[in-house]
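Just below is one structure, and these are the notes that go with it.
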Amino acid sequence: MKRFFKPIEKEGSAKKPLLSPSKHGAENGDALPEVDVKKEPLKFLTWNANSLLLRVKSNWPEFSNFVSNLDPDVIAIQEVRMPAAGSKGAPKKPGELKDDTNSSREEKQILMRALSSPPFGNYHVWWSLADTKYAGTALLVKKCLRPLKVSFSLDGIVSKHEPDGRVILAEFETLRILNTYAPNNGWKEEENSFQRRRKWDKRLLEFVVQSSDKPLIWCGDLNVSHEDIDVSHPEFFSAAKMNGYVPPNKEGKVSRRI
(Lines of atoms letter the chains of each structure in order from A and count residues from 1; the text may use other names and numbers.)
(Lines give C-alpha, C1' and ligand atoms only; values in the text may rest on other atoms or scores of the structure.)
Protein backbone atom coordinates (compact mmCIF):
# COMPACT_ATOMS: atom_id res chain seq x y z
CA MET A 1 0.00 0.00 0.00
CA LYS A 2 1.39 3.39 -1.00
CA ARG A 3 0.46 6.82 0.34
CA PHE A 4 0.85 10.07 -1.55
CA PHE A 5 0.28 13.23 0.48
CA LYS A 6 0.51 16.86 -0.54
CA PRO A 7 1.92 18.85 2.41
CA ILE A 8 -0.86 19.39 4.92
CA GLU A 9 -1.10 19.93 8.56
CA LYS A 10 -1.94 17.25 9.74
CA GLU A 11 -9.06 -20.29 -8.16
CA GLY A 12 -5.63 -20.51 -6.34
CA SER A 13 -3.79 -20.32 -3.13
CA ALA A 14 -4.60 -17.74 -0.47
CA LYS A 15 -2.45 -14.63 -0.21
CA LYS A 16 -1.97 -12.93 3.14
CA PRO A 17 -3.88 -9.65 3.67
CA LEU A 18 -1.82 -6.50 4.21
CA LEU A 19 -2.65 -3.66 6.56
CA SER A 20 -1.94 0.05 6.51
CA PRO A 21 -2.35 1.91 9.61
CA SER A 22 -19.60 11.84 4.24
CA LYS A 23 -22.36 12.56 4.28
CA HIS A 24 -22.75 12.39 0.50
CA GLY A 25 -23.99 9.42 -1.52
CA ALA A 26 -21.69 7.85 -4.10
CA GLU A 27 -22.24 9.16 -7.61
CA ASN A 28 -22.18 5.77 -9.31
CA GLY A 29 -25.91 5.29 -8.95
CA ASP A 30 -25.99 2.94 -5.94
CA ALA A 31 -28.34 4.05 -3.21
CA LEU A 32 -26.73 3.78 0.21
CA PRO A 33 -28.80 2.93 3.31
CA GLU A 34 -29.47 5.50 6.01
CA VAL A 35 -26.87 5.12 8.77
CA ASP A 36 -25.00 7.36 11.17
CA VAL A 37 -22.31 8.92 9.03
CA LYS A 38 -18.67 8.89 10.09
CA LYS A 39 -16.28 11.52 8.76
CA GLU A 40 -13.45 9.82 6.86
CA PRO A 41 -11.83 6.35 6.67
CA LEU A 42 -8.78 5.84 8.88
CA LYS A 43 -8.00 2.13 8.69
CA PHE A 44 -7.43 0.17 5.48
CA LEU A 45 -7.06 -3.48 4.55
CA THR A 46 -5.90 -4.76 1.15
CA TRP A 47 -5.96 -8.40 0.02
CA ASN A 48 -5.31 -10.35 -3.16
CA ALA A 49 -7.95 -13.05 -2.64
CA ASN A 50 -6.93 -15.06 -5.73
CA SER A 51 -10.61 -16.04 -6.24
CA LEU A 52 -12.99 -14.58 -3.69
CA LEU A 53 -15.45 -17.45 -4.17
CA LEU A 54 -12.74 -19.96 -3.31
CA ARG A 55 -11.82 -17.96 -0.22
CA VAL A 56 -15.48 -17.97 0.85
CA LYS A 57 -15.56 -21.75 0.52
CA SER A 58 -12.25 -22.49 2.22
CA ASN A 59 -11.01 -19.53 4.33
CA TRP A 60 -14.03 -17.43 5.27
CA PRO A 61 -14.14 -18.10 9.05
CA GLU A 62 -10.48 -17.08 9.38
CA PHE A 63 -10.91 -14.00 7.22
CA SER A 64 -14.11 -13.01 9.02
CA ASN A 65 -12.36 -13.22 12.40
CA PHE A 66 -9.44 -11.22 11.03
CA VAL A 67 -11.74 -8.45 9.78
CA SER A 68 -13.77 -8.47 13.00
CA ASN A 69 -10.65 -8.02 15.11
CA LEU A 70 -9.07 -5.44 12.81
CA ASP A 71 -12.29 -3.52 12.08
CA PRO A 72 -11.01 -1.71 8.94
CA ASP A 73 -12.97 1.16 7.46
CA VAL A 74 -12.13 0.08 3.91
CA ILE A 75 -11.32 -3.36 2.46
CA ALA A 76 -9.72 -3.43 -0.99
CA ILE A 77 -9.78 -6.82 -2.73
CA GLN A 78 -8.00 -7.87 -5.90
CA GLU A 79 -8.36 -10.95 -8.11
CA VAL A 80 -12.01 -11.36 -7.26
CA ARG A 81 -12.30 -13.69 -10.27
CA MET A 82 -16.07 -13.39 -10.62
CA PRO A 83 -17.54 -12.72 -14.09
CA ALA A 84 -19.50 -9.57 -14.89
CA ALA A 85 -23.25 -9.69 -15.51
CA GLY A 86 -24.44 -10.11 -19.09
CA SER A 87 -25.45 -13.05 -21.23
CA LYS A 88 -23.21 -14.50 -23.94
CA GLY A 89 -22.76 -12.06 -26.79
CA ALA A 90 -24.43 -9.20 -24.90
CA PRO A 91 -22.70 -6.14 -23.42
CA LYS A 92 -21.33 -6.82 -19.94
CA LYS A 93 -22.12 -4.93 -16.75
CA PRO A 94 -18.77 -4.91 -14.91
CA GLY A 95 -20.33 -3.40 -11.80
CA GLU A 96 -22.63 -6.40 -11.28
CA LEU A 97 -22.11 -10.12 -10.66
CA LYS A 98 -23.20 -12.55 -13.37
CA ASP A 99 -26.39 -14.45 -12.50
CA ASP A 100 -28.02 -15.48 -15.79
CA THR A 101 -27.16 -19.20 -15.54
CA ASN A 102 -27.83 -21.74 -12.82
CA SER A 103 -24.15 -22.03 -11.91
CA SER A 104 -23.49 -18.28 -11.89
CA ARG A 105 -26.65 -17.67 -9.87
CA GLU A 106 -25.57 -20.21 -7.28
CA GLU A 107 -22.07 -18.75 -7.07
CA LYS A 108 -23.46 -15.24 -6.66
CA GLN A 109 -25.76 -16.42 -3.86
CA ILE A 110 -22.86 -18.09 -2.04
CA LEU A 111 -20.76 -14.95 -2.30
CA MET A 112 -23.50 -12.51 -1.32
CA ARG A 113 -24.51 -14.63 1.67
CA ALA A 114 -20.92 -14.44 2.90
CA LEU A 115 -20.80 -10.68 2.35
CA SER A 116 -24.10 -10.24 4.19
CA SER A 117 -22.88 -12.09 7.29
CA PRO A 118 -21.02 -10.38 10.16
CA PRO A 119 -18.86 -8.36 9.95
CA PHE A 120 -19.27 -7.79 6.20
CA GLY A 121 -22.90 -6.74 6.46
CA ASN A 122 -21.56 -3.45 7.85
CA TYR A 123 -19.96 -2.64 4.47
CA HIS A 124 -21.23 -1.41 1.12
CA VAL A 125 -19.63 -3.29 -1.79
CA TRP A 126 -18.56 -1.93 -5.17
CA TRP A 127 -17.41 -4.28 -7.96
CA SER A 128 -15.35 -3.91 -11.10
CA LEU A 129 -15.29 -7.23 -12.93
CA ALA A 130 -13.86 -8.84 -16.04
CA ASP A 131 -16.00 -10.67 -18.59
CA THR A 132 -14.75 -14.04 -17.31
CA LYS A 133 -13.40 -15.47 -14.05
CA TYR A 134 -10.27 -13.40 -14.31
CA ALA A 135 -8.80 -10.43 -12.42
CA GLY A 136 -11.47 -8.07 -11.08
CA THR A 137 -11.56 -5.92 -7.95
CA ALA A 138 -13.94 -5.12 -5.11
CA LEU A 139 -14.06 -2.28 -2.60
CA LEU A 140 -15.88 -2.62 0.71
CA VAL A 141 -16.54 0.63 2.58
CA LYS A 142 -18.25 0.85 5.95
CA LYS A 143 -21.83 2.03 5.59
CA CYS A 144 -21.17 4.82 8.08
CA LEU A 145 -18.80 6.33 5.50
CA ARG A 146 -20.11 8.06 2.40
CA PRO A 147 -17.73 8.51 -0.53
CA LEU A 148 -18.45 11.58 -2.62
CA LYS A 149 -17.80 9.57 -5.77
CA VAL A 150 -16.85 6.03 -6.77
CA SER A 151 -15.40 5.45 -10.23
CA PHE A 152 -13.78 2.51 -11.98
CA SER A 153 -11.15 3.95 -14.29
CA LEU A 154 -8.11 6.18 -14.08
CA ASP A 155 -10.03 8.67 -16.21
CA GLY A 156 -12.46 9.20 -13.33
CA ILE A 157 -15.52 8.60 -15.52
CA VAL A 158 -18.13 6.91 -13.33
CA SER A 159 -19.71 4.80 -16.07
CA LYS A 160 -16.40 3.56 -17.48
CA HIS A 161 -14.54 0.50 -16.15
CA GLU A 162 -10.91 -0.35 -16.83
CA PRO A 163 -10.42 -3.55 -18.87
CA ASP A 164 -10.49 -6.64 -16.62
CA GLY A 165 -11.84 -4.57 -13.71
CA ARG A 166 -8.46 -3.40 -12.45
CA VAL A 167 -9.41 -0.09 -10.79
CA ILE A 168 -11.82 1.20 -8.15
CA LEU A 169 -11.38 4.79 -7.00
CA ALA A 170 -13.31 6.19 -4.04
CA GLU A 171 -13.20 9.91 -3.30
CA PHE A 172 -13.93 11.35 0.14
CA GLU A 173 -13.88 14.94 1.32
CA THR A 174 -10.23 14.90 2.42
CA LEU A 175 -8.68 11.95 0.55
CA ARG A 176 -8.97 9.44 -2.28
CA ILE A 177 -8.56 5.66 -2.12
CA LEU A 178 -7.30 3.85 -5.20
CA ASN A 179 -7.59 0.06 -5.37
CA THR A 180 -5.67 -1.46 -8.30
CA TYR A 181 -4.77 -4.89 -9.63
CA ALA A 182 -1.81 -4.24 -11.90
CA PRO A 183 -1.16 -6.43 -14.95
CA ASN A 184 2.12 -8.36 -14.83
CA ASN A 185 4.94 -8.03 -17.32
CA GLY A 186 4.61 -11.46 -18.91
CA TRP A 187 7.58 -13.70 -19.51
CA LYS A 188 9.36 -11.93 -22.35
CA GLU A 189 9.94 -8.30 -23.26
CA GLU A 190 8.53 -8.81 -26.74
CA GLU A 191 5.17 -10.04 -25.42
CA ASN A 192 2.17 -7.70 -25.61
CA SER A 193 1.80 -7.92 -21.84
CA PHE A 194 5.12 -6.12 -21.38
CA GLN A 195 3.96 -3.15 -23.45
CA ARG A 196 0.60 -3.23 -21.69
CA ARG A 197 2.38 -2.93 -18.35
CA ARG A 198 4.48 0.01 -19.55
CA LYS A 199 1.31 1.84 -20.63
CA TRP A 200 -0.34 0.99 -17.29
CA ASP A 201 2.62 2.38 -15.32
CA LYS A 202 2.64 5.57 -17.40
CA ARG A 203 -1.09 6.15 -16.89
CA LEU A 204 -0.86 5.50 -13.16
CA LEU A 205 2.04 7.89 -12.72
CA GLU A 206 0.10 10.56 -14.61
CA PHE A 207 -2.95 9.90 -12.44
CA VAL A 208 -0.93 10.25 -9.23
CA VAL A 209 0.52 13.56 -10.39
CA GLN A 210 -2.87 14.89 -11.48
CA SER A 211 -4.50 13.85 -8.20
CA SER A 212 -2.21 15.92 -6.00
CA ASP A 213 -5.04 18.17 -4.79
CA LYS A 214 -5.91 15.56 -2.13
CA PRO A 215 -3.96 12.87 -0.25
CA LEU A 216 -4.12 9.60 -2.18
CA ILE A 217 -4.02 6.19 -0.56
CA TRP A 218 -3.02 3.74 -3.28
CA CYS A 219 -3.42 0.09 -2.35
CA GLY A 220 -3.80 -3.25 -4.06
CA ASP A 221 -1.70 -5.85 -5.83
CA LEU A 222 0.87 -3.78 -7.70
CA ASN A 223 2.53 -6.88 -9.22
CA VAL A 224 6.02 -5.64 -8.43
CA SER A 225 8.77 -6.68 -6.03
CA HIS A 226 11.24 -3.90 -5.44
CA GLU A 227 13.28 -5.87 -2.91
CA ASP A 228 13.26 -9.33 -1.33
CA ILE A 229 11.34 -7.96 1.64
CA ASP A 230 8.41 -7.29 -0.70
CA VAL A 231 7.62 -11.00 -1.11
CA SER A 232 6.76 -13.64 1.48
CA HIS A 233 9.27 -16.32 0.37
CA PRO A 234 12.00 -14.68 -1.78
CA GLU A 235 14.06 -17.85 -2.24
CA PHE A 236 11.04 -19.78 -3.46
CA PHE A 237 9.91 -17.07 -5.89
CA SER A 238 13.43 -16.57 -7.19
CA ALA A 239 13.91 -20.29 -7.86
CA ALA A 240 10.46 -20.60 -9.43
CA LYS A 241 11.06 -17.52 -11.63
CA MET A 242 7.56 -16.29 -10.83
CA ASN A 243 6.01 -13.37 -12.73
CA GLY A 244 6.16 -10.24 -10.62
CA TYR A 245 9.44 -11.26 -9.00
CA VAL A 246 12.05 -11.76 -11.69
CA PRO A 247 13.21 -8.87 -13.91
CA PRO A 248 11.88 -6.72 -15.48
CA ASN A 249 9.48 -6.45 -12.54
CA LYS A 250 12.45 -5.62 -10.29
CA GLU A 251 13.68 -2.83 -12.55
CA GLY A 252 14.20 0.80 -11.60
CA LYS A 253 14.72 0.10 -7.92
CA VAL A 254 17.09 3.01 -7.34
CA SER A 255 14.87 5.92 -8.27
CA ARG A 256 11.28 4.84 -7.70
CA ARG A 257 9.26 2.86 -5.24
CA ILE A 258 5.66 3.58 -6.19
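Backbone N, Cα and C atoms are what each Cβ position is placed from, and that goes for glycine too.
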Mg(2+) binding, same site as ASN48, ASP221, ASN223 - TrEMBL member from GLU79, GLU96, GLU173, GLU206: GLU79
Other CB atoms within 10 A, centred on ASN48 (Mg(2+) binding site): 21
Same chain, 6+ residues apart, C-beta under 8 Å of the C-beta of ASP221 (Mg(2+) binding site), given in sequence order: THR46, ASN48, GLN78, GLU79, THR180, TYR181, ALA182
Tally of residues which DSSP labels helix, strand or coil - the region 'Disordered' (85-104): 3 helix, 6 strand, 11 coil
DSSP three-state assignment for ASN223 (Mg(2+) binding site): coil
Among GLU79, ASN223, the most crowded of the binding-site residues [Cβ within 10 Å]: GLU79
Secondary structure of ASN48 (Mg(2+) binding site) (DSSP, helix/strand/coil): strand
